[in-house]
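**Q** Starting off with a structure, shown below.
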Amino acid sequence: MSHILTTDTLSPEQVAAVLALAEAVRDADGVAALSEQTLLRVRHGARGRGRFHLAYVDAEQGRVLAGCAFAEVSPGEPDSAEVAVAPQWRRHGLGRRLLDELWAHADARGLRVWAHGDLAPARALAASAGLQRMRALWKMRLPLRGTDSAPAATLPEPALRPEVAQQVEIRTFRVGVDEQEWLRTNARAFADHPEQGALTLEDLQQREQEPWFDPEGFFVAVDRGSGRIAGFHWTKVHDDGAGLTDGEPVGEVYVVGVDPDWQGSGLGRVLTLRGLHHLRDRGLPWVLLYVDEENRPAVQLYRSLGFELWESDVMYGRVPEER
């Protein structure tokens, strides 16, 4: 027998159970079912910005958490959700029950569900629920250190055009100083990207508290005249290898953004290279990144630097009229 609890607040015991479930799913599938953003909501609370749906089953050891879903709620946008079911409790209809629960709580804005890794079971579940493929996020990778199967990438030097170098300087992010200006530029750079562009000061500060945060790998290009941030490249290091290695740390192009006023200046490419050189100098063997498959300029840039497609995450959805 199963029971689904819907809440926006998790107890310490529920937090521990969800994190353990997420780890079990990642170990079984080789890919995380819950994103970094969702895990931050688990640890710090949704605080009115989302809902948790927890699926419990009665087992010999008592009631246990067998699955969970989280729906991120943003004004004017469809709910953005993820679903995870414990490996030992699959094929019991829990995934479909969680999807139905998500849909029951979605309003007129609709529902979007992310399937990380584009695995066959997720495709089948989406089809059974009448969900359509709407978007894909590519995961690309680049070898920074040569291996038997992949030679090390050759990285050009991150040189600004002379006229751009006269106007901007590239330095590292200053915690406690740059937050508000970075949020301004991030919102402008990602005005058409709701997940990234809507980041708040609280979201940023939560990431600053994460073990992986390192301001020495967070590069900002600052307008010498106005002091405004013209662009940035935030890098990240995954100590667990992120599925690319057997536990050896790898790097990530976490996010690159350029203010619309500076687009076309070559600043994005230079900032990307600055971060890649930083990650290579740390001795990391690989670097990965995520990019929307429809973002052709970004895909072209990353391919020109030697990145190749590795995996993809797929967004499925439907609108309320399709119930």
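Cβ coordinates are placed from backbone N, Cα and C, and glycine is handled just like the others.
According to Swiss-Prot, the protein carries these features:
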| type | residues | note |
| --- | --- | --- |
| BINDING | VAL83, ALA84, VAL85 | acetyl-CoA 1 binding site |
| BINDING | 256-258, 263-269, 295-300 | acetyl-CoA 2 binding site |
| DOMAIN | 5-145 | domain 'N-acetyltransferase 1' |
| DOMAIN | 168-323 | domain 'N-acetyltransferase 2' |
**Q** Specify all same-chain residues, apart from the site residues VAL83, ALA84, VAL85, whose Cβ lies within 8 angstroms of the center of the Cβ atoms of the acetyl-CoA 1 site, ordered by sequence.
**A** VAL25, ALA33, GLY67, CYS68, ALA69, GLU82, ALA86, LEU94, GLY95, LEU98
**Q** Around the Cβ of VAL85 (acetyl-CoA 1 binding site), how many other Cβ atoms lie within 10 Å? Please give the count over every shown protein chain.
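**A** Step by step: centre on the Cβ of VAL85 (acetyl-CoA 1 binding site), count other Cβ atoms within 10 Å, giving 26.
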**Q** DSSP three-state call for ALA84 (acetyl-CoA 1 binding site): helix, strand or coil?
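**A** Reduced to three states, the DSSP call for ALA84 (acetyl-CoA 1 binding site) is strand.
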**Q** Could you tally the C-beta atoms, other than its own, that fall within 10 angstroms of the C-beta of GLY266 (acetyl-CoA 2 binding site)?
**A** 14
**Q** Quick one: among the binding-site residues VAL83, VAL256, VAL258, VAL299, which has the most Cβ atoms sitting within 10 Å of its own Cβ?
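**A** Ranked by Cβ atoms within 10 Å, first place goes to VAL83.
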**Q** Can you tell me how many other Cβ atoms are located within 10 Å of the Cβ belonging to GLY264 (acetyl-CoA 2 binding site)?
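**A** Excluding its own Cβ, the number within 10 Å is 9.
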**Q** Using Cα-Cα distances with a 10 Å cut-off, which of the binding-site residues VAL256, GLY266, GLY268, VAL299 are near VAL83 (acetyl-CoA 1 binding site)?
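**A** Those close enough: none at all.
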